[in-house]
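Per TrEMBL, the feature domain 'Sugar phosphate transporter' maps to 15-301. For 6-31, 43-63, 83-104, 134-153, 159-182, 194-211, 231-251, 258-279, 285-304, the entry in TrEMBL reads transmembrane segment.
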C-alpha cells in the first residue's frame, strides 16, 4: 500500500513538474513574441540583456539569500578560462534566438530549433572526429526532412530570421560540445549555470545593445502611447526567463531522461499551438506536416540515443560517445532563457 502511494506521488510529481515547465516555457516565448510584434519593441539585444540581468539577480537571490540551492564553487582562474568562453557562446545563442523570434513566427522558429540534434552530431563528426553509431545518423533523417519541408512551405518565411534561428542551433550545439571540455569537473545545475554565466553575458552584451539600439529605444519611449506599461511587460519577461531556468532544474530532478525527451518535444507542439491561437500566423497543411515529422524525428533520436547509452561495452570495439548527451545531462548544462535548450528565448 505504501509502495503504491509512493509510486502514485512520483507520477503526480513528474506530471506537475512537466506542466509547470511547459507553462513557463510557452509563456516566455509568447511574451517575447508579443514584445516584438504587439509592443513594437524591435530590439532583441536589449530584450536579451534584460533577461540576463533578471537571471543574474534571480540566481543570486536563490543561491545567496534564500539558499534554496547550494553554490558550486568555481576557481577564480576557471571563471575566466572556462566560464567566460561558455558565457560568450551562451550570449550569442540567446541573442540569435530572440533575433529569429523578431522576424519569423513562433511555430517556424521552434521547428528550426529542433534541428539542434543534427547540428550537434555533424559538428562533432566534422570538427572533433567523433564516431557515431549508424542508428544515430538514421534517426536524424526525419529531423532534416521535416525541417526542409517546413522551410519550403513556410508562408511567413524571412531569410534573416531563418538564418538567425539556424545559426542559433549551431551556437546551441557549440555550447553543448564545449561544455564537455570547459566544464569538465564541475557538475553544474541550471541555477548555478545561470549564476555564473548570466553576469558575464550581461557584461558582453550591454555595450553593443546600447550602441546599436540605444537611440531606437529612446525614440520608442517618446512615441509609444503606454511606455511604462510596456516596460513592465518587458521586465516581466526577464523574470519569467529566470523562472524558466528554475523550472528546468525541477523537471530534471523529477523525471527520467526518456520522459524528459518526450515532454520536450510535446512542449514544442504546445508552443506552436498556443502561438497560433494568439497570433494567428498562417500555417499550411504541408507546413504542419513538416513540423510534426520534425518532432517525431526528435523523439526517435532521443530514444535511439538513450538505448545506445544503455548498451554494455564490448571489449575491442570503439565506444559510441555519449555526446550529444541524454537530455537530463544536456539540460543541466544549458541555462535557458532560451528553451531547448531546449532550449533557451
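Numbering starts at 1 and runs along the chain as displayed.
Every residue, even glycine, has its Cβ placed from backbone N, Cα and C.
Because the structure is a prediction, the values reported are computed rather than measured.
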Paired segments the transmembrane segment (134-153) and the transmembrane segment (285-304) in contact, 3+ CB pairs under 8 A: yes
Reported mean pLDDT - the domain 'Sugar phosphate transporter' (15-301): 90
Interface check, the transmembrane segment (258-279) with the transmembrane segment (194-211), three or more C-beta pairs under 8 A: no
Any contact, the transmembrane segment (43-63) to the transmembrane segment (285-304), with at least 3 Cβ pairs under 8 A: no
Which of 6-31, 194-211, 285-304 contacts the transmembrane segment (231-251) most, counting Cβ pairs under 8 Å: 6-31
For the transmembrane segment (194-211), distant same-chain residues with Cβ under 8 A (at least six beyond the ends): 43, 45-46, 48-49, 52-53, 55-56, 58-60, 63, 71, 74, 79, 83-84, 86-88, 90-91, 94-95, 188, 242, 245, 335
Same-chain residue ranges lying at least 6 outside the transmembrane segment (285-304) that approach it to Cβ under 8 Å: 107, 111, 114-115, 117, 135-136, 138-155, 258, 261-262, 264-266, 268-269, 272, 326-327
